[in-house]
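These notes are about the structure you will find just below.
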Amino acid sequence: MQWFDALVQGVLLGGMYAQYALGMALMFGVMKIVNVSHGDLVILLSLIGISLASKLGLGPFAVMAALVPLAVGLGWLLQKAVLNRVVGEDPLPSLIATFGLSLALQNLMLQIWSANSRSLPGGGLESRSLAFGGIHIGLLPVIVLVFAVALTWGLDLLLRRTRFGRALRAAASDVEAAAMTGINPRAVYASATAIAVGILGFAAVFQSLRSTVAPSDGGAQLIYAFEAVIIGGMGSVWGAFIGSMVLGVTQAIGFRIDPGFGVLAGHLVFLLVLATRPQGLFGRA
Amino acid sequence: MTDPVLSTHALVARYGDFQALYGVDFQIAEAEAVALIGANGAGKSTFLRAIMGLLPVAPDMVRLAGQPIGGTPTDRMVQKGIAIVPEGRRLFTGMSVEDNLRVAVDQAERLGRKGGWSLARLQQLFPILRDKARTPVQSLSGGQQQMVSIGRALLCQPRVLLCDEISLGLAPKVIREIYAALPEIRAQGTSVVLVEQDVGLAQSASDRLYCMLEGRVTLTGASGAVTREDIGRAYFGGSHAMV
Amino acid sequence: MVAISPDLPAVEVRRQTASGRMALLALALAVVALAAMPFWAKTGTIRMVLELCCYLAVAQMWNMLAGYAGLVSVGQQAFMGAAGYALFVLAQTFGVNPFLAIFLSLLVPAVLAVPCYLLLHRLDGPYFAIGTWVVAEVFRLVASNLSWVNAGAGMSLSVMKDYTGFQRNVAMSLLCALMVLVSIGGSYWFLRSRYGLALIAMRDNPVAAASQGVNVRRLRFMIYVAAAVGCGLVGAVYFMAQLRINPQAAFDPMWSNVAIFIVMVGGIASIEGVLIGTLIYFVADRWFGEYGASYFVVLGVMTVLVALYARGGIWGMISARWDAPWFPIRRHLILTGDKTP
């Protein structure tokens with residue numbers, strides 16, 4: 001029963017990670033770029049959300065309604081101002097640029113919000129729970145999981161069924177051939193980053209509702225997103241989703257074994273996947 | 001000859017420090033088929049890439065119906081009515097045949113390009129595109145992939161279609177099948193530039209031909225009128241290369 | 001094949017320049033001055049110089065990885081911490097002479113680098129970088145959970161009390177000289193060797209280098225292991241000077257931040273750039289370090305700007321104007337004028 005409980009908690013935790021991982025999978029798939037400031041953007045959005053809530057007295061879903069468009073705009077700006085100049089064969093410029101951005105963002109947040117941990121008041125939402133035959137499940141983690149499934153499903157549908165999705169997949173496959181077919185790669189890149197960071201708007205609200213956030217937390221979020229994407233296998237949003245579940249469950253079970261072992265267990269499973277199945281659980285060899 | 005649809009004027013292009021084209025003058029009229037022949041490394045593919053905006057060139061060096069368009073970003077070239085069947089086909093792997101073609105349909109719609117090509121008409125031209133619509137492109141044969149690549153370019157509704165070695169590596173029967181589509185493409189009013197290794201094929205499929213050597217045009221004339229000797233000299237250069 | 005014609009002008013291969021000879025002399029003098037520090041510097045100065053040498057060496061290791069081997073790592077702190085811990089365990093737990101233990105501890109990063117590379121090289125460029133960070137995190141978490149290195153609380157190097165202040169200063173000074181000699185001199189020697197030529201060919205175009213018979217994969221692997229050992233040396237020396245080690249400090253990502261800043265701002269793929277970048281960082285750290293966070297915001301923004309607008313960094317701008325390398329690596333063909341017989 002204890003292990004079943006860990007499994008359930010792990011899946012719920014995976015719902016949180018999926019919201020980080022989707023955007024990273026999308027950006028890497030299309031541009032072969034890893035945005036090192038991915039995690040810092042979650043934290044930045046969280047802190048903005050928390051400040052909005054306390055200044056204007058907004059509830060969590062009102063904060064979400066404000067944060068997601070803001071995140072989309074931030075992603076678009078990131079692409080226009082930074083990433084468009086560093087997209088290319090050489091991975092170094094994009095890594096360095098986003099690395100520098102991460103350093104600047106982290107310390108800027110430290111300056112504005114101090115090093116304290118904060119959280120978003122959920123108006124009682126965070127303490128409500130549902131009971132299923134002896135297991136208590138928090139309502140909030142269930143909502144997070146539902147959003148994660150909906151976002152994954154929606155993104156998958158967008159990629160497979162729409163004009164924009166086809167253009168995105170074409171650009172991901174061969175950007176020059178895509179341009180030869182009339183696709184404007186920069187417009188596609190800007191939309192991809194806007195969507196990727198936009199999803200972080202959801203993640204930011206849930207992250208700050210579920211636990212606390214502090215300016216230096218971004219690195220961990222980046223690593224979890226990255227591990228989920230690699231475990232699941234590149235090239236599919238469902239891969240990133242499943243990878244998030246595997247990571248969440250591993251961490252939850254590791255935590256049951258020893259509280260100091262939770263995060264480490266996740267890393268070890270990541271390394272195990274890398275050693276035995278480098279294309280990821282669902283990637284094509 | 002009528003006014004050219006597409007022309008280049010003293011076109012030069014370079015890859016970094018390496019100059020690949022030295023002042024190429026070229027023109028093609030509406031519905032005309034022009035072949036471009038030359039040895040490997042003569043600059044044929046570079047020439048097409050330079051037209052397509054994939055290499056930096058000055059605006060005046062490439063003109064479409066007299067308007068300077070050189071160096072326009074590739075996607076805008078498609079909007080203006082130039083499409084390319086690239087060397088090596090360059091299909092979108094991981095996507096089905098139909099999705100590969102629909103990308104072009106989508107973009108033609110988005111860019112407001114209208115023309116006579118539709119998915120249905122292409123499937124008549126190359127029935128394989130219907131039979132294998134759901135198949136991922138990477139599992140097609142070379143000839144079938146080439147048909148997808150040509151179809152994708154045609155769905156951009158081009159005024160000028162640039163074809164980069166579409167016969168390369170294909171069986172003679174398949175090559176005949178592909179070249180058999182040429183008259184129908186031209187009947188649409190589309191001009192076709194054929195970069196071709198097979199000189200005989202190039203001569204028979206085109207109205208005029210250009211021969212390139214080391215980044216320069218060494219011979220040009222009506223395809224039926226140039227002799228094998230002319231071509232031989234223009235192709236390989238040497239002390240008596242210029243005609 | 002082209003036959004060598006007797007009409008060809010005579011050429012001479014020049015590999016050294018006047019500026020290069022001066023720089024070599026300066027490097028030799030600097031190493032001697034570092035080694036002689038106990039006779040001219042106070043303990044505080046020696047400690048400061050030691051820190052400077054650590055930055056320099058770590059940055060140069062990162063430069064070899066990212067600038068020449070195309071391996072962008074943000075996790076070199078893994079090897080610094082590993083060697084640091086190895087030193088503490090050997091010297092404190094097993095009573096090995098600490099100055100001998102420094103060199104023995106280098107075996108640990110060397111051995112750990114092999115499986116790390118075998119795992120990580122499967123990841124594509126940018127993913128490789130994040131992978132190295134995960135490895136460093138694994139090391140940190142393992143150290144935090146191991147009771148025989150005193151878990152999260154860390155260890156002290158109290159055996160150093162057995163040595164006088166002067167003895168310690170002599171050791172620090174010699175280690176500073178060694179770090180500079182190994183990182184700068186060693187890299188220079190390596191880059192001028194036949195491996196170096198291959199490396200530069202690889203940097204300019206890995207595909208072409210591979211087709212020229214350069215074993216790109218083996219060379220990358222060698223550099224990764226060498227950089228791990230180099231960073232290990234820095235870690236062991238740095239934490240010996242600190243006298244304390246704990247997982248948080250030992251595997252601090254700050255080292256990657258500093259190395260990346262130094263190399264990118266100074267000028268990637270050049271030894272000169274690393275020297276310039278280290279000086280800038282060191283001076284900035286002394287002057288503006290007290291401003292804490294806002295100072296790091298400026299460093300971050302500068303790194304972004306270099307990546308966007310000036311990939312070659314400061315040395316890139318200098319060498320575009322003046323052709324006077326301090327560490328010439330390229331070979332120049334010089335016409336000697338008269339004809340060969």
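Backbone N, Cα and C atoms are what each Cβ position is placed from, and that goes for glycine too.
Keep in mind that this is a model prediction, so the values were computed, not measured.
The transmembrane segment feature in TrEMBL is assigned to C:22-40 (among others).
Per TrEMBL, the feature transmembrane segment maps to C:100-120 (among others).
Residues of the same chain lying 6 or more positions beyond the ends of the transmembrane segment (C:127-150) and with a Cβ under 8 Å from any Cβ of it are 71-78, 81-82, 85, 88-89, 93, 116, 119-121, 247-248, 250-251, 253, 256. What TrEMBL lists as transmembrane segment is C:127-150 (among others).
The annotation transmembrane segment is assigned in TrEMBL to C:170-191 (among others).
Positions annotated as transmembrane segment by TrEMBL: C:221-240 (among others).
TrEMBL lists C:260-283 (among others) with the feature transmembrane segment.
What TrEMBL lists as transmembrane segment is C:295-318 (among others).
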Maximum Cβ pairs under 8 Å to the transmembrane segment (C:170-191) among C:22-40, C:100-120, C:260-283, C:295-318 is reached by C:22-40
Do any residues, 6 or more residues outside the transmembrane segment (C:221-240), come within under 8 Å Cβ-to-Cβ of it, and if so which ones? 50-51, 54, 57-58, 60-62, 64-65, 68-69, 71, 73, 76-77, 79-84, 86-88, 98, 101-102, 105-106, 108-110, 112-114, 116-117, 121, 157, 160, 172, 175-176, 178-179, 182-183, 186, 195, 199, 249-250
Contact set of the transmembrane segment (C:295-318) with the rest of its chain, CB cutoff 8 A exclusive, min separation 6+ beyond the ends, reads 257, 260-261, 263-268, 270, 272-273, 276-277, 280, 284, 288-289
Can you tell me which parts of the same chain pack against the transmembrane segment (C:100-120), counting only residues 6+ beyond its ends and a CB-CB cutoff under 8 A? 78-79, 82-87, 90-91, 128, 131-132, 135, 175, 221, 224-225, 228-229, 231-233, 235-237, 240
